[in-house]
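First comes the structure, then the notes that go with it.
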């Protein structure tokens, strides 16, 4: 049986790096959604789904890039600090790591789950150390859909991190997520507007409490 295909090209990693230096917001109808606590979020309507793509820019103080990247990649640790995680783990299929992630949704909505692959690269770009993580949904028979949980079949995320020149990190994040089902648009917008800054704050706190396992 063929394994899940690799999704990430060198160009995708370069594009994420480039956004840190010069955000690519021209040539499309990117709208400013929110600007607060050092975090700026833009959104772009995806015509095919009626949902939005998001770009997030900001500085996370008191968390150095290498630590932030380690915390982001550590799924076991995320189960301790992310209150919305119900289940999260990785398995290897034909030499490629595949992650399973179930997210708690508020009643009466059904939980969502994701099956995705991800890759981290620590890059040197013109003397700048940049940590990039790319993630995208895939379909593998080893993770069939569960009864009562809605499978997210469109999910894509990019994260790029570099030093802010002090003791913090400059961050770029792109994500698109089609949660499926009948979720009111106001709730999706609220989650993007409030959930992302809240997640980043939680991640900074997680960095401060993180002790890398040896």
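Glycine residues also receive a Cβ, built from the backbone N, Cα and C atoms like all the rest.
Pulled from Swiss-Prot, these are the features on record:
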type	residues	note
BINDING	72, 78, 157	1,2-diacyl-sn-glycero-3-phosphocholine binding site
DOMAIN	1-212	domain 'START'
MOD_RES	1	N-acetylmethionine
MOD_RES	139	phosphoserine
Tell me, how many other CB atoms lie within 10 A of the CB of residue 139 (phosphoserine), whichever protein chain they belong to?
12
Of all the Cα pairs drawn from 72, 78, 157, the residues the record ties to 1,2-diacyl-sn-glycero-3-phosphocholine, which distance is largest, in Å?
17
Residue 139 (phosphoserine) and residue 157 (1,2-diacyl-sn-glycero-3-phosphocholine binding site), distance between Cα atoms, whole Å:
16
Rounded distance in angstrom between the Cα atoms of residue 72 (1,2-diacyl-sn-glycero-3-phosphocholine binding site) and residue 139 (phosphoserine):
23
Starting from the 1,2-diacyl-sn-glycero-3-phosphocholine site formed by 72, 78, 157, give every other residue of that chain whose CB sits within 8 Å of the mean position of their CB atoms, in sequence order.
73, 118, 133, 135, 159, 203
Cα separation, residue 139 (phosphoserine) to residue 78 (1,2-diacyl-sn-glycero-3-phosphocholine binding site) (Å, whole number):
23
Quick one: what's DSSP say for residue 78 (1,2-diacyl-sn-glycero-3-phosphocholine binding site), helix, strand or coil?
helix
Which of the three DSSP-derived classes (helix, strand, coil) applies to residue 157 (1,2-diacyl-sn-glycero-3-phosphocholine binding site)?
strand
